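What Swiss-Prot says about this protein:
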- K15: active site (ACT_SITE)
- D140: active site (ACT_SITE)
- P98, T99, G100, A101, G102, L103, G104, G105, G106, S107, S108: ATP binding site (BINDING)
Amino acid sequence: MSVTDGRQAFPAPAKLNLDLRITGRREDGYHNIESIFCLIDLQDTVYLKPRDDGKIILHNPVDGMPQEADLSYRAASLLQKYARTPTGVEIWLDKKIPTGAGLGGGSSDAATVLLVLNRWWQCGLTQRQLIDSGAALGADVPFFIFGKNAFARGIGDRLDEMDIPKQWYVIVKPPVHVSTAKIFTHEGLTRNSASSIMPTFQNLQPFRNDMQAVVFKEYPEVWKAYSELSRYGFALMTGSGACVFTACQDRNSAYNIYRQVSDLYEAYLAEGLSKHPLLSV
C-alpha cells in the first residue's frame, strides 16, 4: 500500500446485502439472519502509522463522537492486548462510504484495522479468531475479515464463500438516517423466515430484505428512493437502510441509470468485487 509521511494507506470496501432474511430472535436479544454479502469497490481508505509509546490516536473521529467510541479505535484497542511488543498506532479515516446507509463503512474500517494490526503487531491471530473478535465490535465486521463474497448465518459470523456473478450496482442514498435498533425492535418486523436448505445465488432468488417493509413504513424517504430506482429495474434495500440499489450486468447500463438518479439523490456507481483488496497484498 502507498506510504505518505510515514502513514500507510489500506482499503476498506463497502458491502451490499443482496438478500437478507431474519430467521429468529436469540435469547441474548440479537437476531439470527441469513444474507448474501457482496463486496463492492466503493471504499474508505484507512491510514495507519505505528507508534512506539503504546498510544492509540484517531485523528479525525466523527463529529461529536469521542474517539473511544469509534469502531476503528475500538478495533485497535481490542487487538492491542494480543501484541507481542508495546506498540500503538495513529489512525486517519478518509470516508467515502456514507454513514447510516447499510453499506458497512464503519465495520469495514474496523476490519481493516484488525487485519493490518494483526500483522504489524505480530499478534498471530487466525482468521477465525479475528472473526470472533470482530463480532464483538459489530455484526458486519466478520464478513469484511472473511474477505470474500459470502452467505452469512447466525448474527453474521457464520460465513461460507458464495459465487456471485460479476455485476455493477447503482446505489441511492436518501436524505435520512435509519436507526438499526429501532428497526430490529419494531413489532412489525418479520422474524420467522424459513432457513435456506441449499443457499446458492440462483436458489435464493427472488431476493428480498425482511427489514425493508418496516423501514419503508417508518422512513418514507427510503420508500421514495426505492420507488424511483424501481423505475429502472429490480431494486432492494441493503442492510437496515437507508441505501437502496439495483444491479446491472454491465457498466454502461448502470451508468445510464446512475446519470438519471444522481440528479435527484446522492448516488454511487460501484462494481462488485470477488474478494477484499487486502487479500491481494
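Yeah, the Cβs are placed from backbone N, Cα and C, and that goes for glycine too.
Swiss-Prot feature annotations superimposed on the structure.
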residue	record	DSSP class
K15	active site	strand
P98	ATP binding site	coil
G104	ATP binding site	coil
D140	active site	coil
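Within the same chain, the residues at least 6 positions away from P98 (ATP binding site) whose Cβ sits under 8 Å from its Cβ are G105, K173, C243, E266, listed in sequence order. Counting in whole angstrom, G106 (ATP binding site) lies 9 from D140 (active site) by their C-alpha atoms. Note on G104 (ATP binding site): other Cβ atoms within 10 Å of its Cβ, all shown chains, come to 28.
Under a cutoff of 8 A between CB atoms, and with a sequence separation of 6+ in the same chain, the neighbours of G102 (ATP binding site) are N17, V178, M237, T238, G239, S240, G241, A242, C243. Within 10 Å (C-alpha to C-alpha) of K15 (active site) lie the following recorded positions from G100, G104, S108, D140: G104, S108, D140. Within 10 Å of the C-beta atom of G100 (ATP binding site) sit 18 other C-beta atoms, taking all shown protein chains into account.
The number of other Cβ atoms within 10 Å of the Cβ belonging to S108 (ATP binding site), over all protein chains shown, comes to 29. Cα of S108 (ATP binding site) to Cα of D140 (active site): a distance of 8 Å. Contacts of D140 (active site) defined by a Cβ separation under 8 A and a same-chain sequence distance of 6+ are given as K15, G104, S107, S108, G156, G239, in order along the sequence. Of the chain residues outside the ATP site list P98, T99, G100, A101, G102, L103, G104, G105, G106, S107, S108, A14, I97, G239 have their Cβ within 8 Å of the site's Cβ mean position.
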